[in-house]
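Step one of this worksheet: look at the structure below.
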């Protein structure tokens, strides 16, 4: 038996009872420095990868917005389901130290696979999807598996009497999480957008750097191995709870109708499990019932990295002075604001509310946090309504869109038979007035369009197809003749804020235009170049070559999300041009997203931090890990809600935002009603009541106290929100 016990103790490499050296004469173990650095690098790795994930799905894998949003939230959900697995492995098998090591290796492999999938030269599009999904699954198992272990392992490094130092350690630990989040959401979008590789945005580097940080996290954690206090696995309380619940259900099902009734269905487990465990599970269940409405908060909160990022891509990102923020960098506001808001709420807002003699209980704080999150989505709705004003909605079934360019020497009138699509005359070289809807009788329709120029009518037979946008160019091929040229248009704005540009050449020679690495060829006599996206910016001295000459033109600012058509003409003084804006630039500034980030972060402070505090205060010491698992499940199910809505609702984005806001308000009302009937308890009282009596004379008294505890916990709930 002695040898067996020694082997169990050695399971964590002889770490029990080991005292780590202290930092500079304090009570802080040196080992926590390795844990804090490890957490910083791991969070940089996770949030850095996740920051660019939605845009990676859209631009690299060529998925649509809904599929990209769905997969993003499926991944987020998996990251919060896997902590259950990590906790079971750590508590029942390997212990925290080895669990962190082994699952960190899985984590690193996931990052490497994900980075390889972002290299265009590796396989085809199917291979990229396979590598990406495999990498994300491994990352989810890695990050989720170590999530419940690292913080607890850090707490294990402190001696029992150093509770104040342990509390401060968790604050430092939380700071390292947010520091890693802020830096990564600033840096990885820069690596994605500003560094070019393989002919486009460098997603391989944007994923590779987080992979390198995860390698560093693993190396640092291993480097501190000799300093750690390592406790052996002690059995997983979550497994015991599940077995107790399962036994109670089976025992109740098998019992005969004549069996005496019991006050609670969990009491059917008394034949096998202690009354203390059963009462602790009852206390946990009372809190878990309150968790039922909570996933809706996380359904809104986690859309910062998906829907809100996509909203940012259609906004003006220029703050002046050459400072341009990237759409996927806005997420850093949440981590930055939470570092600011925590002391403001703790030292300012909460004390002020207390001075007003308003009792702000934890459950009331959580309900208020839900309302603030709903207000964030109301703000996002207002922003979205204004953002879409510069967006051309794609045509529907049995519908086309058309805009007309008059490249003739005087005004013209265009008539579509049976429709007043374009009723006003079009001036020569006038900017188009925008796309107009053209109804069709079927999948396609032939229209005989009448063009009136200088009193003479010309007719053009043009075929329009549903779901398609067109530009109709009118020009003169020779005196007295009118040409109608119908061109299919691309009208979907760039998700990175790029502008789209095309050239029309009215010259008698071909013209080659070079912008950066892009080449535009506009054939002679009204030839039209490809419509190519170019980064937003000022463009001057653009080289334009014909067979006989070279010219330089200044296009000026090509703004975020705008579509431009540039008409090139040969005049006696050289090459002239006219720049027309086909689709309006993104005119809503990205700073208008700040209010929604302020609301959602304030909601997080009141909801998330308070929720964890409430959960811990209402659970016995042995059940805190069970409630932690339940809390993580609310995050996981919240992401499942977004996945369902994104794939199944098919709404306009602003109505979807409004739907989420309304749902959360409704859920907050339900939660408030549930909270009203909740009675706060002191779990420490359970320790006193169930304290073991070694003196036989006290057995009767002890049994009476236990019965009192049972009646106390099972009593009808008082109103104490």
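From the backbone N, Cα and C atoms, a Cβ is placed for every residue, glycine too.
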Range among 167-191, 242-266 that TrEMBL annotates as transmembrane segment: 167-191
Annotated transmembrane segment segment (source TrEMBL; candidates 626-645, 686-705): 626-645
The annotated transmembrane segment range in TrEMBL, which must be one of 314-334, 335-355, 398-418: 335-355
Segment assigned the feature transmembrane segment in TrEMBL (from 17-35, 283-301): 283-301
Of 69-88, 125-146, 167-191, 335-355, 657-678, whichever stretch has the most CB pairs under 8 A to the transmembrane segment (367-388): 657-678
In contact by Cβ distance (the transmembrane segment (167-191), the transmembrane segment (100-119); 3 or more pairs under 8 Å): no
Among 69-88, 125-146, 203-228, 283-301, 626-645, stretch most in contact with the transmembrane segment (657-678) (C-beta, under 8 angstroms): 283-301
Cβ contacts the transmembrane segment (69-88)/the transmembrane segment (626-645), at least three under 8 Å, sequence gap 6 or more: yes
Residues of the parent chain within Cβ reach of the transmembrane segment (203-228), under 8 Å, 6 or more residues beyond its termini: 13, 15, 18, 20-21, 29-31, 33-35, 37-42, 44-46, 48-49, 52, 56, 60, 97, 100-101, 104-105, 107-108, 111-112, 114-116, 118-119, 153, 157, 184, 187-189, 191-192, 195, 197
Whether the transmembrane segment (283-301) meets the transmembrane segment (125-146): three or more C-beta pairs under 8 angstroms: no
